[in-house]
């Protein structure tokens, strides 16, 4: 009987491993093709010779992209968005999660507020009312229109809330006996021992800001697009008719698919650089932050 179970277990492991390998390849191969295309020559791309390896290796697409002012402006706007938005989002998420993590006898309206937050995950005010609100607050075409409307991500807040609820009550009670208030308890006790979930939420928020393109298209003028909105506009409508004759002549030496690929790779590099430093907290933060609600 033990041998039968062992055999079934091995078959199960083989099937699961095969499925995961296929899923990994489905995710990785398109990205790898973009990398190969970005390093291939104009002639190779036009001839359709690019496969799993670059053809006629060249840096020309990257050199051209890195010399374009609109790309760097969009890149800079996204950097500003991340630098301002990430700490603000974390502050709002943590300060919202702390009181909602208390038991009902300590915060009697807790359940009501949790449900109010949860309902915003299912329903929202709509695109047009949100735009009118942002416009009436004179935030359109400013970086704040990209930060404040989504300042609290409810999913991330619930992760932090669940993690806080698992912390022993004795920690808070001991600090209160020593004269610490809620503000000090939060930042001196809760936050330092909640690094796994905070690191996870930091990664989620960073990726959210970096990859967001829709709000940039709605609230920002074309010349002030953040990076992902700019890249999307290039991919959908590759149009450099506003360039000088010299620049248009130079552009004719490149393949538009190669330039698009180079811009996409440059755009994703910062996230790939940050992820390894936060990856060790990722599984622990998700697991521990989702056990108790």
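Cβ coordinates come from backbone N, Cα and C, glycine included.
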Which stretch does TrEMBL mark as transmembrane segment, out of 43-65, 112-134?
112-134
Can you tell me which parts of the same chain pack against the transmembrane segment (146-164), counting only residues 6+ beyond its ends and a CB-CB cutoff under 8 A?
81, 84-85, 88-89, 92-94, 96-98, 100-101, 114, 117-118, 120-121, 130, 134, 139, 190, 194, 196-198, 200-201, 204-205, 208-209, 212, 215-216, 219-220, 226, 285-286, 288-293
Six or more residues beyond either end and a Cβ under 8 Å away: which residues meet both conditions relative to the transmembrane segment (12-35)?
50-52, 54, 261, 264-265
